[in-house]
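Colleague: One structure is given below, represented as structure tokens, and several questions about it will come after.
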Amino acid sequence: MSTKFANDSNTNARPEKPFIARMIHAFAVPIILGWLAVCVVVTVFVPSLEAVGQERSVSLSPKDAPSFEAMGRIGMVFKEGDSDSFAMVIIEGNQPLGDAAHKYYDGLVAQLRADKKHVQSVQDLWGDPLTAAGVQSNDGKAAYVQLSLAGNQGTPLANESVEAVRSIVESTPAPPGIKAYVTGPSALAADMHHSGDRSMARITMVTVAVIFIMLLLVYRSIITVVLLLITVGVELTAARGVVAVLGHSGAIGLTTFAVSLLTSLAIAAGTDYGIFIIGRYQEARQAGEDKEAAYYTMYRGTAHVILGSGLTIAGATFCLSFARMPYFQTLGIPCAVGMLVAVAVALTLGPAVLHVGSRFGLFDPKRLLKVRGWRRVGTVVVRWPLPVLVATCAIALVGLLALPGYKTSYNDRDYLPDFIPANQGYAAADRHFSQARMKPEILMIESDHDMRNPADFLVLDKLAKGIFRVPGISRVQAITRPEGTTMDHTSIPFQISMQNAGQLQTIKYQRDRANDMLKQADEMATTIAVLTRMHSLMAEMASTTHRMVGDTEEMKEITEELRDHVADFDDFWRPIRSYFYWEKHCYGIPICWSFRSIFDALDGIDKLSEQIGVLLGDLREMDRLMPQMVAQIPPQIEAMENMRTMILTMHSTMTGIFDQMLEMSDNATAMGKAFDAAKNDDSFYLPPEVFKNKDFQRAMKSFLSSDGHAARFIILHRGDPQSPEGIKSIDAIRTAAEESLKGTPLEDAKIYLAGTAAVFHDISEGAQWDLLIAAISSLCLIFIIMLIITRAFIAAAVIVGTVALSLGASFGLSVLLWQHILAIHLHWLVLAMSVIVLLAVGSDYNLLLVSRFKQEIGAGLKTGIIRSMGGTGKVVTNAGLVFAVTMASMAVSDLRVIGQVGTTIGLGLLFDTLIVRSFMTPSIAALLGRWFWWPLRVRSRPARTPTVPSETQPAGRPLAMSSDRLG
């Protein structure tokens, strides 16, 4: 019993005619007409792919990224919109902006606010003198207003909103010397979409022209080239049409990257498949086979390769659907579906066109196919496999060594033409503002209570200071620092100095009142002198009163004596007296009336005596009181003198105090001015009355939510926020915010961080994970496909391994070209997009080569390698060059990122075609020998069997085909 080997030849086997090949052979014309009908239908009844792309464009924003969630939350809390689409209107003047510019600006703002369909909110800061400085340039020649637009960035509504804003700006006449620009992230995204669509026709024309020239040089037949290009055109039209149908129906979304990549892949892959088909057919014809036999030989030799290649490309691009980033996710289904359609067309239309054309000899070789050069290459490889492998690895090191220096860029502006409107707007902004001014970070904290109080404002200022101290941050605008610096007059030293200022205003009056104390002291001195004089006078008056008492006592005695004598006289004359009172007519008798009057006067002496007695009593009381009264005056004089002394002392003391207060006030004022001038924020404080200020309440609307539960901070970078340094600062900003709130009443507040650097920080992390996911899934899928086709584990592993090595070297060469030679950093999208495509297309040529190894293995391992190299060398090289040039033609796109992706893929294909497929893979196969085909069992040398000419190989076959056996 003999062992069966995989490379044992079956001399009795007849040429196999696969069922599908026979069906295509039989129904070639209907197949051609059917595919043409499909092209007509999708062209006539379905909008173009570019039109569908505009109609069904999807947002490229990763909705589950923290920065985008923060953006949505900030918009909701501050009632500024629910989209991630923002734009800016820049107003630039030749001279500092004046009243005319303000009037023009107010008109624009009014129209923008009136467009509720496209503009969700307008941050009118320049219209308020309190906040105008925050959006005006230092030279006063530019200002801007930020708009929140309807529709998420990249969607049709967002693009429509950008056009609506531009229409308003263009339709509003600007004053002389004033110009307005519409720019910002959404405007840039819309312009990028338009530029990509506009460049698509140019890319296609350049690609077709280059392919036509290259194929004409290869085949030397215009008819062959035209038929091949028509076939490729049908593949492209069908692939684009089917994807357009899916997009138009809403089944899938599209982006400008997906449209560009699908078009280039369909053209390149379709051309490659055509080259494979024609090349294998011409090889069979030159080997002496008839047209039908050559047709079946072609199908057996290329169908599985085309299918495997197409499935590999479709599968690898479909793996992008597993990514989380819409940038990559949106490439997956459109490219995969398009490639499946292209493969279906290539596997049916290609052989059908070949069959029909071969009837008229249109695809027969016009010259002898030279294989000797490639056989010599194969001979060198199998004779010295290790040196060849070392040499190819050394060449690969050129690219691999460039990888550590790889630096990416996230600034989309650098990859768009300067003439697009958004870039013109950014250029105008750059003339007056820093790059960071147009690309701020927005941090918001949300608490469970109203923060409009002095205590929470201390925490908010602490948070602002903590963020400001992060390296790379140039300014932090918040409610405690609306213009990015500490508010004037908010430091405790300055507030103390302001209190002293109030005291200084009253100290003059206090000093005047103190000087009045001197006048009062003088008045008191006068009073003391008066009291002293009064004391002496009252002392004299007391002695006089005492003498008056004695005199009055004597008068009283005299009066009493006089009264007694008058009484005696009255008693003697009483009878006569009675007459005078009894006489009725006494008043008429002079003598009577006179005597009567005398008697009345004598009666008054008695009253006088009584009154003198009373007077004597009063005088005695006065004589008693006057000494006491005189005794009271010296204490008064002494008290007055003491009071005068105290007033003089108080005046002296107050004068010293006032002088000291003036000196202290000068120091406090100087300290307050110093803290204010230095913008020192170490002792920030806002008193409660500030919160009642109308101007401050207006400012709070920009930085605090309506309920006071949320506060936001506008953070500006020192450099470009989209640089690696700016992106790295996001973690530091978040950490600084968390540390600043630690141990404060706002410790449990939620922190949201959005903005340019925050977005690209999330994109950078997401891209790394997506690249890892897509690359691993693609490698696994490619390995499975290779394993199914080759049935050899080691061979499949070698194909995948060499592709991975080629991938690293190819990307390194792209880094070398763009970063070190052209001095342009690669866009961050280039790595992921080119890696996935290179993983897919890079395995094609290795698959074709290894499949040919398997076909020629019956001649022996080494001889099979030589024959395979000779048979596929020119075909694969032509296909690789065409594919590479096709992808490199993307460099004519207005989008430099598309050009970078194309050139990176092109360099990878050149490296894979000229180095990996030509030298590395054959050398590994030669080194491994029969282990290359494990677990298949193969003979190292061919089995000895009698030579029997086959029907498909006439005796006239060139001897060179069998004289190259080396094992």
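Cβ coordinates come from backbone N, Cα and C, glycine included.
Pasting the relevant annotations from Swiss-Prot:
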- 943-967: region 'Disordered' (REGION)
- 26-46: transmembrane segment (TRANSMEM)
- 210-230: transmembrane segment (TRANSMEM)
- 242-262: transmembrane segment (TRANSMEM)
- 303-323: transmembrane segment (TRANSMEM)
- 333-353: transmembrane segment (TRANSMEM)
- 384-404: transmembrane segment (TRANSMEM)
- 769-789: transmembrane segment (TRANSMEM)
- 793-813: transmembrane segment (TRANSMEM)
- 821-841: transmembrane segment (TRANSMEM)
- 875-895: transmembrane segment (TRANSMEM)
- 913-934: transmembrane segment (TRANSMEM)
Colleague: Looking only at the recorded stretches 333-353, 821-841, 875-895, 913-934, which one has the largest tally of CB-CB distances under 8 Å to the transmembrane segment (303-323)?
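Modeller: Against the transmembrane segment (303-323), the leading stretch is 333-353.
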Colleague: Taking pairs 6 or more apart in sequence, does the count of Cβ pairs under 8 Å between the transmembrane segment (913-934) and the transmembrane segment (821-841) hit 3 or more?
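Modeller: Contact between the transmembrane segment (913-934) and the transmembrane segment (821-841): absent.
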Colleague: List, by number or range, the same-chain residues at least 6 past the transmembrane segment (875-895) whose CB is under 8 A from its CB atoms?
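Modeller: Residues packing against the transmembrane segment (875-895) from afar: 192, 195-196, 198-200, 202-203, 206-207, 210-211, 214-215, 218, 256, 260, 264, 267-269, 271-272, 275-276, 279-280, 283, 415-417, 420, 841, 844-845, 848-849, 901-903, 905-907, 909-910, 912-914, 917-918.
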Colleague: What residues elsewhere in the chain lie close to the transmembrane segment (821-841), defined as a C-beta under 8 angstroms and at least 6 residues from its ends?
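Modeller: The answer is 257, 261, 265, 268-269, 309, 312-317, 319-320, 323, 327-328, 331, 406-410, 412, 414-415, 760, 763-764, 767, 770-771, 774-775, 778-779, 782, 803-804, 806-807, 810-811, 814-815, 883, 896-897, 900-901, 904-905, 908-909, 912.
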